[in-house]
Every structure is written in structure tokens, then in C-alpha cells.
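Annotated in TrEMBL:
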type	residues	note
DOMAIN	6-414	domain 'TRAP C4-dicarboxylate transport system permease DctM subunit'
TRANSMEM	7-33	transmembrane segment
TRANSMEM	53-70	transmembrane segment
TRANSMEM	77-96	transmembrane segment
TRANSMEM	102-122	transmembrane segment
TRANSMEM	134-158	transmembrane segment
TRANSMEM	170-191	transmembrane segment
TRANSMEM	211-233	transmembrane segment
TRANSMEM	239-255	transmembrane segment
TRANSMEM	276-292	transmembrane segment
TRANSMEM	312-329	transmembrane segment
TRANSMEM	341-366	transmembrane segment
TRANSMEM	395-419	transmembrane segment
Amino acid sequence: MSIYLLVFFIFFLVIGVPIAVALGLTCIFSVLVTGAFGVEVLIQKTFNAGNSFALMAIPFFILAGNIMAAGGVSRRLVNLAGALFGRMSGGLALVATLASTFFGAVSGSAPATTAAIGGVMLGPMGEKGYDKNFAGAVVAASGTIGLIIPPSLTMVLYGVTTGVSIGEMFIAGVIPGIIICIVLMVVEYFISLKRGYKGDEAASFKTVSRYFRESVFALFMPVIILGGIYAGIFTPTESAAVAVVYGLIVGIFIHKELSWKDVSKLILKSAKSTALVMYLMVTAEILSYVLVSEQIPQTIAASILNISTNAIVVQLIMVFILLVVGTFLNNSAAMVLLAPIFYPIIMSLGIDPLFFGIIMVISLAIGHNTPPVGLCLFIACDIGNLKLESLVKEIVPLVAALIATVVTLNFFPDVILFLPRLMR
């Protein structure tokens, strides 16, 4: 059946069938052609895939991110970041990256982070003399932090797919997210220094305090989520629902930039995004069942282990695969496809699944900045009216820094596991 799976999957992708639909059709046609087992088994698997309490976190986190994005949060976070770092060389580039980190902790989405911060920052950066393509590259690259800083939808997908604690995934993502933010800021600083991008006047303590007060409700959201989970007050799924309620209170009653009419539109927007992710989860579960039935994960695992049984070498091989796959598939699809295949490999080598989950998330997040499916690239191009080829040239050093960071983290698992161990 393996050859049928490959042929049908490539065929559906080539003719332009959406990835989620292609997964389901691939399984159905392969089963019908080979008669390996009854189609009724796929129906049962479809039901089981969607019957998960943990999956309920996905629509709530999507809605919470949309609510906070529409409630004036991005502007407030940019103001705070500007007050903190705007005076340095390349200050606006650093501000965009720091603001993306703040916003990522609210939205859990790379595209949403790029869109929100790009909409606020690209104009001012152009006015201050920054190369518009460099500005777009900064916004696109820093948008990936939205997938790494908790709460992250990709972390939820990994947790649901492998059974790893979603709460621990959130905690484990904090330090790597901060490291990536710092790495990007350092690269941007030296590029800006070389090009002569000056900073603004230093903000007074009074100004910093005012912007902090304006941003405190947005910054408090991830504290509520992570603190509530580890205090045992609620589960990750319940924390997502709490985040929605908190976002509504902040947007409608505190910031007063949301109306109930806006909320209804945001619910519809979130429902569409949720439908795509949930459909992808269901079809990926069907594919996983078919793959396991044909012992394809075991075959892939044996092939990789034949190359080397050294854990570091195997990790780097899998990172390379993730970087390549992330170039052609969106991170959600790649995660639900590859996590079930890689999980047995890392367990056989004694690699901590929590540690490798973060490595997977970071590796796939980089794909948002590489064509042909680099969603953050296309969003930055659209907002800034940029040419893709020009933007790609500017983002190369930033993507190189991201790749170097994820490769380096493979050698230092304690960096990722420090906080989860501390919280146990």
C-alpha cells in the first residue's frame, strides 16, 4: 500500500487539492484500491480523532488570539517595546522583534503575529529610513516566535498527537522563545549598525511606566494561562476558555476597542480557522492509522537508525527533514504527519519527548520564512507591498540565525527542560 499512499498523495497535491483534503482522499483511495481493511475502520478512526477534550483548546486559543489582536493590543505592545529599546541603533527593528515576542505570548500564532506587528511597524520603519525589505524581513522572522512562545497551537497539536503534556510543552517553550528573540535582536542590531539605522531619543521613566500600564493587561494573559495550569486551577483546555473570557473583558470593558458586533465577526473568523485545523487533525489521524498498519513508521525509523544510533546525529537528521518539509507544508500539517513517525524513534533512543517536541516546533516554525509556503513572508509582502525575491534576500541572515539556534539547542537539552523540571 505504501506506493499507493505516495502516488495518491503527490497526485492530489499536484492538482491543487488542499493538504487536509489530500490526506483523507489518499487514505480512502489507497484502502479502496488495495482492500487492506474495511472503510468502516476509517469512519471509526475519524470519530475517535475528533473525540478529544484536549482538542477543545484549539478553537479557544484561536478565538482568544483574535480577540486580543482586535482589541488594540499590538499598538500597546509596540509602544512599550519602543520605550524600552527604541533608543538603540536599529531601535525600530528591535522594537518589532520584542513586540512580536510579547504578541506571540498572546496570540499563539506566527501569521497573526506577523500581521499584527507588521501592520503597526512597517510604516514607521520606512519613514525612519529603514530599507523596506529589511523591515519586512524583521517582521516576518520575528513572527515565528508566535509559534514558540506559549500558548502555541503547534504545541497543542504535538501534545494531542503524542500524548506529551501540553502544559509542560508551554513551560518548555518559554526559554527557547526568549533565546530566539535575543538572537534575532542581536543579528538585527549589527545589521542596523552597519547600515547606520539610528535610534530615537531615550524614553523617560514616566513614559516607560505609562506604556507599561497600558500594556499590563495584555502581558498578564500568558501569566494567567501558565500560572493557572501549574497551580492546578485549570487544565490547558480550560485555560484556553479562560483566555477567551479574559480577552473579552480586556477588549470590551478595559481597552474599550471591541464591540459585541466585532466579537461575532471574530467568532466566525475563528470558527473557519478551527474547522481547517480540526479537519486536518482528523484526516491526519486516519493517515497515521494506515501508516502504522503498514508498519511504515517502523521502516522509516529503521532506515534512520541504520545511518546512526547516536542520539545527537539522529536529532540533527530529523531537524533537517523538518526544515525541508516545513518549506513545503504548513506547520500544522507537518506536525500531525511527522510527530507520530518521529516519536517511536526518539523513544527508542531515550530522547526526552518534551525536549524534542520543542525542537520540532522551532524547526517547523522556520518554514514560515522560506518559500514556497512561507506564510509570514507572504503576509509581510502583502502588508508592505514588497517583492518576494527582494524580501527573501534580506531574510537570509535571520533565517540562518534561526537554524543555527535550533541546531545548537540540540546539544543543550537542559536549556529547554530546565523550567519543566523546576515546576515538577
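Each Cβ is built from the backbone N, Cα and C atoms, and glycine gets one as well.
Contacts between the transmembrane segment (134-158) and the transmembrane segment (7-33): absent, as fewer than 3 C-beta pairs lie under 8 angstroms at sequence separation of six or more. Using the rule of three or more Cβ pairs under 8 Å, pairs at least 6 apart in sequence, the transmembrane segment (341-366) is not in contact with the transmembrane segment (211-233). This prediction places the mean pLDDT of the domain 'TRAP C4-dicarboxylate transport system permease DctM subunit' (6-414) at 85.
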